[in-house]
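K.L.:
Let me begin by handing over the structure; questions about it come next.
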Amino acid sequence: MRRGWKMALSGGLRCCRRVLSWVPVLVIVLVVLWSYYAYVFELCLVIYLILYHAIFVFFAWTYWKSIFTLPQQPNQKFHLSYTDKERYENEERPEVQKQMLVDMAKKLPVYTRTGSGAVRFCDRCHLIKPDRCHHCSVCAMCVLKMDHHCPWVNNCIGFSNYKFFLQFLAYSVLYCLYIATTVFSYFIKYWRGELPSVRSKFHVLFLLFVACMFFVSLVILFGYHCWLVSRNKTTLEAFCTPVFTSGPEKNGFNLGFIKNIQQVFGDNKKLWLIPIGSSPGDGHSFPMRSMNESQNPLLANEEPWEDNEDDNQDYPEGSSSLAVETET
């Protein structure tokens, strides 16, 4: 009886957690809908509406894609077979378990390791983690090329939707900037007392305030992710240097500025601004700087960009203004 109550309570808490996880998304949606109503119906800035709606459509489209594009999980070949799983769980000696994972990983394109040099294994999903894959404690699954879990889209940002998330940030910045610049002249009229309508005064004041507030936070976050893309890093890799079979390497996936951008947006530049999936590869393996240098010795003489932190320094999980890291 007591066990049944505990299970029911646990199920109820999980249900409440799922419902509450949509609160940040609901807040953003309500703010956006209000801004649309105030801008289009209250102020009715006719000469600005065409460009406004073009920006709004791309903003809403990329936000939708960021929310509802499911995180991609490792395919079946990275999961332990039933026999291997039984052997691994029944083995009590850690050193033997470690060697078992090493033998299994030899058949897979896996080149990153834990800080101690062991094969990266998820004991919750029972799989060998592909390079750049991490377990999200919120989504309760391993996510390919995980960047972070974002509460503002209630989704895990990774290989399948990182392009959409970047586009969402870009169009959000543009949306806020456009509203702020076009409403500013009406704010001057409000300041001079030239707006007779009380409702217009309210909408002008709060449109400008909300647009500027979100613009500042979004431009910082967007700038940070642009820096990450330029170095072909994820948020998790920026906080904790990836370890390869040869040791820690903070620029292990850095292929050069143009190729780094193509790793997210693809080779077809016509699709860079459109929220359509174009990232190359399948998310299970990625080109590495060491391989590029072996294929092109000229790259070996290229000076990498330097960071201030030490290569072997470990970083705690961090969070940005609009994103929370939840990898384990």
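A Cβ is built for glycine as well, from the same backbone N, Cα and C atoms used for every other residue.
Taken from TrEMBL, the feature compositional bias 'Acidic residues' covers 303-314. If you look up TrEMBL, you'll see 318-328 marked as compositional bias 'Polar residues'. What TrEMBL records for 120-238 is domain 'Palmitoyltransferase DHHC'. TrEMBL lists 283-328 with the feature region 'Disordered'. What TrEMBL records for 20-39, 45-64, 168-190, 202-224 is transmembrane segment.
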K.L.:
Which bits of the chain, at least 6 residues beyond where the transmembrane segment (45-64) starts or stops, bring a Cβ under 8 A of a Cβ in it?
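P.N.:
Same-chain residues near the transmembrane segment (45-64) but 6 or more away: 28, 32, 36, 39, 153, 164, 167-168, 171-172, 174-175, 178-179, 182-183, 273, 275.
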K.L.:
For the domain 'Palmitoyltransferase DHHC' (120-238), report the average pLDDT of the model, please.
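P.N.:
Average per-residue pLDDT within the domain 'Palmitoyltransferase DHHC' (120-238): 92.
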